[in-house]
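Here is the structure we will look at.
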Ligand SMILES: Cc1cc2nc3c(=O)[nH]c(=O)nc-3n(C[C@H](O)[C@H](O)[C@H](O)COP(=O)(O)O)c2cc1C
Ligand SMILES: Cc1cc2nc3c(=O)[nH]c(=O)nc-3n(C[C@H](O)[C@H](O)[C@H](O)COP(=O)(O)O)c2cc1C
């Protein structure tokens, strides 16, 4: 492998017993895995042994969907990653947190703390949180409008960035002789006053190894892509076809350049749900076996909710109603809505068929095939302007991760696409990104 | 040791390189210990090897005091304890969090998550947070009045308790055959609407091993003691003399009984800063050596701030001004204010002398002596109605903890006062407290 060759990035998206919603029903699955530390330690260690860039946990501050359907209720992800920090030493740790239902002082501090605890391995998947359920846990009747949520997110990031820089890197002098621990003139109250937030500062923790956590984002609406282009260093996205993936990739890179950023400093990671068999037929049978375990009445309620319908408006053996609203009118997860509706229309799927398609990846691309075929599709997207890396979303965990690490990763290495061992220490170094300078220091 | 004998409880209060504000200046001290995971893992392991009930971390969501004076800025404590959960297996993990500057949904979830991650070892030191600095990090001009902060705290606890109970213990059935993970009828939205909070619920995590974290409190004002009597299972307190300790102990137990609670279910833990030498003289010399390292101009600013004065109003070699306000007029930490003012008046201390007295324990009792003498005073308070255990606050860490574990703990064991090994699994079991029942289940 030539060291100059562009390298692929791999993130493990951990979700309970796997991304297929029926994975917990398999004999091998522990249905209490989602609240078990040892289970997550094991996953993180497998991913680290394969030199993955990072692991990632999704989140929302509300109970989602049907508690019968699948393991529901999750441990708070920043805490879970703090517990994993001690069990790992190199892999990056990316947690989701909402800008709509947090205070910037507390949240900026928690990511700073995770970065200290992990020696510079923290990442933040910034979300605005769709849905009224979350809003109603925080004193509101309904969620703020989509545009309003993104405006708050923008201000949240402004405040956070200032807090993360409020201690200069050289503020702590630890001069025992003179009895001076830090220099007050190198610690800056931020004195922020905006539309959503007023924060005096400074942060109550010194600057962290990475300066601030790696910023990750996954919004795909217009506001979402602009936000990503302004702030994100890595972008998670759900893309079903190569052409769509290429269009999204080009779009975000162009927007980043328009913000004056180096497009190489925004890494695009589409999701893939790899279902791997010794033959393609075996992989497809694995997939079908999982789909048979989906209980359609649960999935019907969930899909109806996402489309803003009642379950009765969504008969299982008919196609979607013709009069669904336009994306502009959706205040929830706009782009996911569009993706699902377009998929159903394009392939003329009944609700039942759509549910099976979504059961694996909820809109992410499921790819059933041999290890070689999985490596081929990864390489294809990577070489043809659709991806800088992938968000690996195994249908079943831990087995789907183990198979990926044992069979696909070696092929990617042989092709010179993926590292054989870590070359950097911090999460940002894994992604080949520069450490952010401190805005309070001009030198 | 007879198993029927009442047992002492020991909590380690971890603070940077020790509770003496100049401890970081000693040659042995690592001035970056406060942001170092390995340092905290080591302390927790020493305390666990000595079978301490718990470790504890203080907190405020603001930068306190002078950054020059001592290590300042701390890692967010719930996160730090999550990182320690994996490095320990038995010791309890108590984090401070503020009811004034958090949302109950997020915070209740974080303590639930810590309890899951640690297998039932989470505790919450509930504070209302004194001071305007914190308020100004959360959009306010100044802190809410003392009474208002405690009213919010009461409602915060109501909401949290309901959230912690929102999943019945038997809600998760994990029936793979039928494809039902949890029973919706055993998960209860809380539908809370009060003066400070409106929360729909349910929590997005199943009930945790302890049901909810051990509730700890440290307010000593009238409102603080009532709050403790209503909610707290363990109370931290600063008491300088045996007589004061006895009065506080009787007072809180009486208030708990008045709330219909078993007074034995509220454990009172005064703080002690043990400075241990081979002889009493050696211990005193150790203490004096530390006091000489205090920089009086830093301490003067800090003490003035606590008393609501400017540094100029507090000349170092004079006694405190005669016209200090009454406790009723203090909106900050009322009881600590009174304790300090009374100490200065009683012993007719100059500001400089008072600073030396406070440098060790900031109002907690410093006790310099031999291991035998430290064990004697612990036993005395324990047997004479002033303590159910102690909050151990070593002046220097880790050495002060090591000496305590090696020399004082064996004496307490010989006297039948302290366990030789853990007998329980959860934090509440260590403290001899019952697991809370779920309010949604009457059976
Ligand atoms: C891989 C991936 C992970 C996501 N994780 C979360 C999450 O944890 N929490 C959340 O609220 N939204 C999550 N989202 C949703 C996005 O943040 C975003 O809300 C959604 O894609 C709709 O885009 P929009 O907000 O721009 O309309 C995720 C999206 C993707 C593609
Ligand atoms: C051992 C101990 C630890 C404390 N830790 C904290 C803390 O971490 N954060 C905080 O804001 N207050 C802390 N306090 C202060 C108390 O919560 C309380 O505010 C103070 O004793 C004044 O009492 P009052 O609030 O009833 O006036 C602590 C007090 C004691 C005795």
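Heads up, the Cβ atoms here are built off N, Cα and C, so glycines get one too.
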FMN binding in TrEMBL involves B:96, B:146, B:150, B:220, B:221; of B:59, B:66, B:251, the partner in that site is B:59
Residues near residue B:221 (FMN binding site) by Cβ (under 8 Å) yet at least 6 apart in sequence within the same chain, in sequence order, are B:146, B:327, B:334, B:335
Including all protein chains shown, what's the count of other C-beta atoms within 10 A of the C-beta of residue B:59 (FMN binding site)? 20
Residue B:96 (FMN binding site): secondary structure state under DSSP, collapsed to three categories: strand
In Å, how long is the longest CA to CA span across B:59, B:96, B:146, B:150, B:220, B:221, which the record gives as the FMN binders? 19
For ligand 2, list the binding-site residues among B:59, B:96, B:150, B:220, B:221 whose CB atom is within a distance below 6 Å of it, in sequence order. B:59, B:96, B:220, B:221
I'd like the Cβ neighbour count for residue B:96 (FMN binding site), meaning other Cβ atoms within 10 Å of its Cβ, all protein chains included. 21
